[in-house]
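> Below you will find the structure I want to go over with you.
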Amino acid sequence: MGWIRGRRSRHSWEMSEFHNYNLDLAKNDFSTRWQKQRCPVIKSKCRENTSPLFFCCFIAVAMGIRFIVMVTIWSAVFLNSLFNQEVQIPLTGSYCGPCPKNWICYKNNCYQFFNESKNWYESQASCMSQNASLLKVYSKEDQDLLKLVKSYHWMGLIHIPTNGSWQWEDGSILSPNLLTIIEMQKGDCALYASSFKGYIENCSTPNTYICMQRTV
């Protein structure tokens, strides 16, 4: 009887273990099937969610690149306008006559800003070859555009050591209070800068220059 009880007890334990094992298998099988069924749904949803997200990211990156390119372009334009030696002239209310092609016409004067660097004598010769002279400042009112000049340019003003005066190419004497002469270097020639200032410079130093032609 004890053997039978032991056998029944062992059988009950085995059945219990088998039942538990079957339950575990069933759970695992259910879990596996559920995951297999869930994965396509998740992947499908992921694909559905990823596609707009990827598209948005692509647009954001493209806009970022476009912004960087635009900033670079505008920076280059700004720097070029900041350091460019040529001057943009407001022509409102101005009067003018015929000028050489591509020259600036302002109040019966023609101006050309040359970016090539020459010494004073070479600059003078270049202007003369175009039937013009180096810049002559004679009126703050008629030549108010010269306030916009940002860089240093040769003008037709030269120092006469014998009498200490400053004369223009045509021999006329510099009018008082027309230009503020500033000694930048030892020399007998003058550069024009902004706000009606003249800077003394060695005549052999290469600089850009302004040619001027009167139309009347």
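Cβ from N, Cα, C; glycine included.
These numbers come from a predicted model, not from an experiment.
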> Report which of Asn49, Asn202 appears in Swiss-Prot with the annotation N-linked glycosylation site.
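Residue annotated N-linked glycosylation site in Swiss-Prot: Asn202.
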> Tell me, from Cys39, Cys211, which cysteine Swiss-Prot puts in a disulphide with Cys127.
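Swiss-Prot says the disulfide from Cys127 goes to Cys211.
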> Looking only at Cβ atoms, how many others are within 10 Å of the one on Cys203 (disulfide bond)?
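A count of 17.
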> When a 10 Å sphere is centred on the Cβ of Asn202 (N-linked glycosylation site), how many other Cβ atoms does it contain?
14
> For Cys127 (disulfide bond), which of the three DSSP-derived states applies: helix, strand, or coil?
helix
